[in-house]
Amino acid sequence: MLDIQLLRSNTAAVAERLARRGYDFDTARFDALEERRKSVQVKTEELQASRNSISKQIGALKGQGKHEEAQVAMDQVAQIKTDLEQAAADLDAVQKELDAWLLSIPNLPHEDVPFGKDETENVEVRKVGTPREFDFEIKDHVDLGEPLGLDFEGGAKLSGARFTVMRGQIARLHRALAQFMLDTHTLKHGYTEHYTPYIVDDTTLQGTGQLPKFAEDLFHVTRGGDESKTTQYLIPTAEVTLTNTVAGSIIPSEQLPLKLTAHSPCFRSEAGSYGKDTRGLIRQHQFDKVEMVQIVHPEKSYETLEEMVGHAENILKALELPYRVITLCTGDMGFGATKTYDLEVWVPAQNTYREISSCSNCEDFQARRMKARFKDENGKNRLVHTLNGSGLAVGRTLVAVLENHQNADGSINIPAALQPYMGGVAKLEVK
């Protein structure tokens, strides 16, 4: 959520920055709401002053034996009380309308984010590794994976399209990847591992910005009868739960940064993605991801963003996978981000790079929603900055390992860094 004081003091500048990311901020609507709010507040202050003045007169009138005049004054105070209640209701209505609108407004892009309308105008930062030149006809991960235990028909039979069953060697490789990622982040990068719920309420999703904007992208569950019926949601990413662990908190500054990680399934309806990536693991309703979250001092957040990109890169390097880093342009950034880097891994069968990690700085956008603060060196409570990044998407990493490390006979070479997690197995072979 944007800072309302910033909106009030720099409305035109905020509107201009939002326009850079393709959001049309309705300044006329905002000005009208502000006028209504100010009008009600002025009326409230006038009523309160009048009530206080008349209340003082009542005692004096009674002391002078002027009971009829005192009664008239008491009737006036009673009417003022009614008027104040109405003014409070009017102010509450204006504030609720303003708050609901603020929840739908995206974050402001950082000044150094490249301007662009969509993903075609993202900017490549660097490429790492050289895509392998194969001397045989390559297969995609579906054809490679099915003989090794990747079962798309089984997933569809159980749950419908975009679900997958894994068994045997593939299931073990999938688990090994997640464990390797977690160990790297906890043992080498200093994150604390978490296990968090997979089902959350709407307040939690509002805190990280998924609600109310992206309700159609979420899976929800309903429980209880008619009177006690409640709706909750399956998490689209562990960013939601990890970040919300500090909701409502005041963190001593010496405890920052907080570095959190978790391996979890993620559930997404993929609304608007009909017909895209219908083959294979690239786009699933349920997929696993190892998430990184950092809660930091505001002055450290952009330094931390670069650090988190490096943490994700370390996984790709260890797995010997070619990749590139790109800066998302203003028109392609996520709702809550001020700046985002995507890491894209080389997918040989598609002859292109595909997203495998997204690392974002949200500055105080999420913290303001969650009321997540820290106490600075002067004892003042200030909003923290929050960052999140994939470290990595496990299914897409599996795709990359299968395709980049395939052999002509359909076997898969296991990267050396991953072999200890596979019981020393150096190659997956069709049995």
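Note: Cβ is positioned from N, Cα and C throughout, glycine not excepted.
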Given Swiss-Prot annotates THR237, ALA238, GLU239, SER390 as L-serine-binding, which of GLU291, GLU299, GLU344 belongs to that site as well? GLU291
Distance from GLU239 (L-serine binding site) back to GLU270 (ATP binding site), taken between C-alpha atoms, in Å: 18
Within 10 Å, the Cβ with the most other Cβ atoms among the binding-site residues GLU291, GLU355 is that of GLU291
What subset of the binding-site residues THR237, ALA238, SER390 lies within 10 angstroms of SER358 (ATP binding site), using C-alpha positions? SER390
